[in-house]
């Protein structure tokens, strides 16, 4: 019998609960759904389990508040922490969420030190740095989910603007998960044609592209303001799970993720969003793209915005 993969989800809120359902519905492995509020974790796990006869899910799902239950997990997705409310920035969450991540990291180090860890908690680039600091896991095994989601939003807005299938659009977003993120127009394409060339072909204006870039930067905020309570969870859940899937199944997808840089892009000792290849060894390669001077300036502004917050951890 082939042993199923074990996927632990730390935080049973909207994103954690959605990921638990997606893992089960796609038969990606057994699930441990952990939350400090054990009742929420157990209730959602039971609800998902009871859907299996109808949805034909296989595998086990456990709801718990005991970190010992994550022992031996192959992959862990961390969504624990408070989420944004209308009027809040991602950075407003730092003080509370750093303490949450510290506790999570120490328990991951104790019970699942060989796991591949994806951090979703905001402010993302600071929380993934805290995870690395307090867990002492190798840097190639700790990543943050940012660019996959940001690229998905950018791709969706471009597809809607051009009235094409989202399957035709591919995009790359660099930098921090915030106002200084950098969607790269020349490396983003529709049907293999770069968006920069689409502008030259008069299929979309540069002004409209700039508006879409700004809309992408504000994508999470727009959803927060519409929901009033809580933040986005469908797209973040899909994005985090894609990263875990690439690791567990050695798909070697090139994805934009917040990873620890050791001189790439001129950055040292920070987690910043860049394209990487994720395979069975975690982050297997950082892809260094050629940037224009303007792009370098925006990227460096993004790096500086992250570095200013590092003292908080």
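Using N, Cα and C of the backbone, Cβ positions are placed for all residues, glycine too.
Keep in mind that what you see is a predicted model, and the values were worked out from it rather than measured.
From the candidate list 30, 35, 91, the residue Swiss-Prot records in the NAD(+) site shared with 11, 12, 13, 14, 15, 16, 97, 120, 121, 122 is 35.
The two recorded residues, residue 122 (NAD(+) binding site) and residue 177 (active site, proton acceptor), have Cα atoms 9 Å apart.
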